[in-house]
Amino acid sequence: MSSQARTQTRAGFKAGVKDYRLTYYTPEYTPKETDILAAFRMTPQPGVPPEECAAAVAAESSTGTWTTVWTDGLTSLDRYKGRSYGFEPVPGEENQYICYVAYPLDLFEEGSVTNMLTSIVGNVFGFKALRALRLEDLRIPVGYSKTFQGPPHGITVERDKLNKYGRALLGCTIKPKLGLSAKNYGRAVYECLRGGLDFTKDDENVNSQPFMRWRDRFLYVMDAIKKSQAETGEIKGHYLNATAPTTEEMIKRAEFAAELDAPIIMHDYITAGFTSNTTLARWCRDNGPLLHIHRAMHAVIDRQKNHGIHFRVLAKTLRMSGGDHLHSGTVVGKLEGDRAGTLGFVDLMRDDHIEQDRSRGIFFTQDWASMPGVMPVASGGIHIWHMPALVDIFGDDSCLQFGGGTLGHPWGNAPGAVANRVALEACVQARNEGRNLAREGNEIIREAARFSPELAAACEVWKEIKFEFETIDTI
């Protein structure tokens, strides 16, 4: 380099390290309608000022690095940088804050959940200045959400495909989840569907193991579906898990399911990844099957209150990536989930416009710009005594999935399915008559059991089963 060039470089660039807050903490900034907004729960290391920590979050999740670099002068940092535009202490928590960051839309590739998450949460969570960090919520602007296809079909189209209206859908996960042969698996599916369920389901870890290869399972299951449809006159389905080691193999399995006229297939969206999920969602829209999404591995990411990503963010990103169903917890079953928080992200899955409501953990107003909704699936440790609460909490646009609560019936799978269908229809009728499900739920179930021996037997088996543990992740 010539001496003249060195002189010019020294004149325009000063090497060294400067505080993040000098560039990335901008409390005077007013977010734009086109900005992606993020709310982080931030716990600084002792001695680190919260404004410096907030600025570091904005910097490390956008354009910043640990030192000043001369290439900063080759672009417009003011245009592309993330901005921490405020923070507030978390009530009842010591040295913990909600930090708000605005990201300009140009930082993100259109239609890519993978790129968006890589930018916002890909690196900053390991930053030493932070003791813990959790992404609580995102506001996706209309201009960005319109670059996503979203769910392949959505709730309204699903109801039309199934010709089922005015009640929640009923499902069941086949148990034991592993170890059945394909033929016995198909037999279990048939018994559940003929008893009155709308769907049965592969468990999340049923892929293509030595005891039951995927092709054999698909064939026996479709046999069961067609037989049960012929007997009941209702449209039935089974969530055929197309999750596979490679995207190419996943599409191969999906195509085989479509050749068999399978109405719905399934994907494990977190373990398989967002790129894989978006690929399958687009394929489903083009080829017809509904897409059921399982959230296997979510609790590794979302269960800790102080560090990770809240499930409401994972639910939003799934709606963008694509899925017609998504497991959402139950509130009353065996899995983690408080009522207010669960209802908050259920609305974010289903509704077109959701107002800010901090009491339900919703930090930002979200407008989905007519993107189709995702049907929440309540699953995990539920049985007929939970039915009134489930109908009250989730309403009609949901799928209530009873695994052990169907297959554990003392008379077998079909009577277990009958018990669930009778309980559901009794609760829907009572609600439509104006009765209070929360207060009269047990009485409604007992009244229905007088006319259904299958339901009466189920009431006796599960009368003492409760899952009363304190929720770890509360608002």
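Here, residue 1 is simply the first one shown, and the rest follow in order.
Including glycine, each Cβ sits where the backbone N, Cα and C put it.
The active site, proton acceptor annotation in Swiss-Prot covers K175, H294 and rests on sequence analysis. For N123, T173, K177, R295, H327, S379, the entry in Swiss-Prot reads substrate binding site. Positions annotated as Mg(2+) binding site by Swiss-Prot: K201, D203, E204. Residues or ranges marked as N6-carboxylysine by Swiss-Prot on the basis of sequence analysis: K201. According to Swiss-Prot, the feature site 'Transition state stabilizer' maps to K334, an assignment based on sequence analysis.
Overlay of Swiss-Prot annotations on the structure.
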residue: N123; record: substrate binding site; DSSP class: coil
residue: T173; record: substrate binding site; DSSP class: strand
residue: K201; record: Mg(2+) binding site; DSSP class: strand
residue: H294; record: active site, proton acceptor; DSSP class: strand
residue: H327; record: substrate binding site; DSSP class: strand
residue: S379; record: substrate binding site; DSSP class: strand
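Cβ neighbour counts within 10 Å, taken over all protein chains shown, single out H294 as the most crowded of the recorded positions H294, R295, H327.
Around K177 (substrate binding site), the C-beta neighbours below 8 angstroms that are at least 6 residues distant in the chain are D203, N205, V206. Taking E204 (Mg(2+) binding site) as the reference point, the recorded positions whose C-alpha atoms are within 10 Å of its C-alpha, out of H294, R295, H327, S379, are H294, R295. Neighbour density around each Cβ, counted as other Cβ atoms within 10 Å, peaks among the binding-site residues N123, S379 at S379. The subset of recorded positions (K175, K201, H294) lying with their Cα within 10 Å of the Cα of H327 (substrate binding site) consists of H294, given in sequence order. Within 10 Å of the C-beta of K201 (Mg(2+) binding site) we count 29 further C-beta atoms, all protein chains included. Non-local neighbourhood of K175 (active site, proton acceptor): D203, G403, G404, L407, each in the same chain, at least six residues away, with C-beta under 8 Å from its C-beta. Ranking the binding-site residues D203, E204 by the number of CB atoms within 10 A of their own CB puts E204 at the top.
T173 (substrate binding site) sits 12 Å from H294 (active site, proton acceptor), taking the CA atoms of both as reference points.
One way to see the shell of the Mg(2+) site is to take the Cβ centroid of K201, D203, E204; the remaining same-chain residues with a Cβ within 8 Å of it are T173, I174, K177, D202, N205, V206, Y239, N241, M266, H294. Just so you know, the Cβ of T173 (substrate binding site) picks up 24 other Cβ atoms within 10 Å once every protein chain is counted.
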